[in-house]
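Below: the structure, in structure tokens.
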């Protein structure tokens with residue numbers, strides 16, 4: 001889904017809300033003229049004050065989750081546009097917001113991103129305190145702690161959106177590509193007949209899976225998938241790695257699987273461009 005799709009979705013929702021009007025109440029019957037006496041004006045009941053915000057204890061219906069997820073993603077992309085144009089608003093960072101958040105959190109989205117210091121999600125999406133539940137590792141690598149953290153966001157905080165965010169010039173993927181190339185050269189040199197590419201690739205698959213390097217075990221697969229698709233540049237490897245990360249998350253997390261199946265969660269893939277500051281929305 002592109003940004004324009006999200007913006008059109010939001011405009012449709014806004015137009016629908018503006019067109020809805022409440023029917024006026026019918027007037028009371030007029031009392032007989034001869035017996036009518038001046039009555040004191042009836043006081044309207046006091047307007048109830050809103051209760052303090054309390055995080056929900058159960059997820060929203062699926063149709064509301066989809067609408068909420070689309071609205072959240074659109075808002076994040078709009079925030080990124082402000083950031084890239086040098087017009088960031090830095091919302092929800094005041095004293096009142098800090099005080100409100102002492103009672104609990106209810107983020108709109110979860111973000112799994114790289115720990116690179118140049119790619120802080122709250123800043124590049126121009127979001128505020130309490131807006132995003134972020135999990136960051138080098139190359140957005142996945143382990144049990146990452147999965148547990150994201151499952152908490154989905155199951156307990158009921159986020160309707162999960163964004164897997166890669167970025168340009170990722171050092172972790174540069175390392176993965178270098179280790180992949182070195183391993184492939186070693187295997188090729190060891191092969192009795194380097195023309196037997198099937199055996200070489202089978203051996204490569206096994207050695208990647210058994211590698212002591214978590215970077216090679218996870219991102220090496222992304223390099224392999226990119227090469228199989230004849231994609232050699234690092235930018236393309238980064239895009240493939242986002243897709244592979246999403247696939248791994250869904251495969252390893254029953255909580256995320258269930259949330260997707262029940263339409264309680266939407267997952268989007270994106271890539272941050274260091275030179276422009278803009279988010280590239282990825283489609284898989």
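From the backbone N, Cα and C atoms, a Cβ is placed for every residue, glycine too.
Automatic, uncurated: that is what TrEMBL annotation is.
The compositional bias 'Polar residues' annotation in TrEMBL covers 1-16.
If you look up TrEMBL, you'll see 1-68 marked as region 'Disordered'.
Residues or ranges marked as compositional bias 'Low complexity' by TrEMBL: 20-42.
The annotation Zn(2+) binding site is assigned in TrEMBL to 114, 116, 167, 170. In the three-state DSSP assignment, the secondary structure recorded for residue 167 (Zn(2+) binding site) is strand. The Cβ of residue 167 (Zn(2+) binding site) has 23 neighbouring Cβ atoms from other residues within 10 Å, across all protein chains displayed.
In sequence order, 113, 115, 118, 119, 139, 140, 166, 168, 169, 171, 172, 173, 272 are the same-chain residues whose CB sits within 8 A of the CB centroid of 114, 116, 167, 170, the residues recorded for Zn(2+) being left out. Non-local neighbourhood of residue 114 (Zn(2+) binding site): 136, 137, 138, 139, 140, 165, 166, 167, 170, 172, each in the same chain, at least six residues away, with C-beta under 8 Å from its C-beta. Remark: residue 116 (Zn(2+) binding site) has 138, 167, 170, 171 as non-local neighbours, by Cβ distance under 8 Å and separation of at least 6 in sequence.
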